[in-house]
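According to Swiss-Prot, the features are:
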type     : residues : note
REGION   : 1-108    : region 'Disordered'
COMPBIAS : 45-66    : compositional bias 'Basic and acidic residues'
REGION   : 115-159  : region 'Sufficient for interaction with NCOA1'
REGION   : 126-253  : region 'Disordered'
MOD_RES  : T137     : phosphothreonine
COMPBIAS : 141-158  : compositional bias 'Acidic residues'
MOD_RES  : S142     : phosphoserine
MOD_RES  : S147     : phosphoserine
REGION   : 160-253  : region 'Sufficient for interaction with ESR1'
COMPBIAS : 194-222  : compositional bias 'Basic and acidic residues'
MOD_RES  : S236     : phosphoserine
Amino acid sequence: MSLALGHGTIAGSTAAPLSEEGEVTSGLQALAVEDTGGPSVSASKAEEEGKGSQEEAGREASRAEEALEASSAVSDERAEGESEDWCVPCSDEEVELPANGQSWMPPPSEIQRLYELLATQGTLELQAEILPRRPPTPEAQSEEERSDEEPEAKEEEEEKPHMPTEFDFDDEPVTPKDSLIDRRRTPGSSARSQKREARLDKVLSDMKRHKKLEEQILRTGRDLFSLDSEGPSPASPPLRSSGNSLFPRQRKY
């Protein structure tokens with residue numbers, strides 16, 4: 001009985017450390033799992049970062065390619081523009097070159113003949129068509145010449161005599177100049193035979209004179225242009241004009 005109990009106690013004592021060892025092993029396994037999980041998470045993060053960096057690098061590469069394409073297009077356009085702007089024409093020799101590409105050369109017999117002519121005559125006759133000459137192009141007037149001509153034209157205009165017109169008038173009648181008198185009349189004819197012209201200054205002066213005469217008649221009661229050459233006697237009464245007519249008798253002007 002004691003052995004059994006003792007054996008049981010031994011088994012119980014041995015079972016207790018086994019259970020503790022299991023807990024320890026399970027704890028170690030859990031730690032191992034945690035340890036193994038840590039590097040996997042970091043590796044996944046590293047992979048994601050690597051993928052992101054690769055994508056960014058790809059984007060930068062695509063941007064660089066686009067920039068290169070744009071610069072190449074601009075350079076091509078500049079080259080095309082320069083090719084259109086700059087044009088170097090070929091020389092006459094290049095235009096006149098034959099199909100074989102060799103320049104023109106006279107035959108040896110012609111060269112010999114020309115040298116013989118030079119030796120005998122000393123000069124060669126120029127065989128060329130002389131074109132007719134045209135007159136030289138007149139030079140354009142400069143600003144100084146134009147400015148010199150303008151004062152002369154103004155002086156000529158100022159020197160021209162002023163011709164009277166119907167609208168040129170003064171307060172007093174203007175006596176006609178000798179240049180305006182008609183000289184085609186005969187010596188025996190009177191001055192009244194001249195053609196009379198209506199002028200505005202003459203009309204205005206006549207109106208002014210008539211107005212003065214009417215004022216004089218109304219103020220004094222006498223007509224200055226009476227038919228009688230003798231003056232009125234002091235005993236005779238002054239002439240009065242009626243209300244209907246201001247001029248009772250005809251006047252001579």
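Here the Cβ of each residue, glycine as well, is placed from N, Cα and C on the backbone.
Locations of recorded Swiss-Prot features on the structure.
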residue	record	contacts (Cβ under 8 Å, 6+ apart)
T137	phosphothreonine	none
S142	phosphoserine	none
S147	phosphoserine	none
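Nonlocal intrachain contacts for the region 'Sufficient for interaction with NCOA1' (115-159), taken as residues 6+ away from its ends with a CB within less than 8 angstroms of a stretch CB, are lacking entirely. Counting residues of the compositional bias 'Basic and acidic residues' (194-222) by DSSP class, helix then strand then coil, yields 21 helix, 0 strand, 8 coil.
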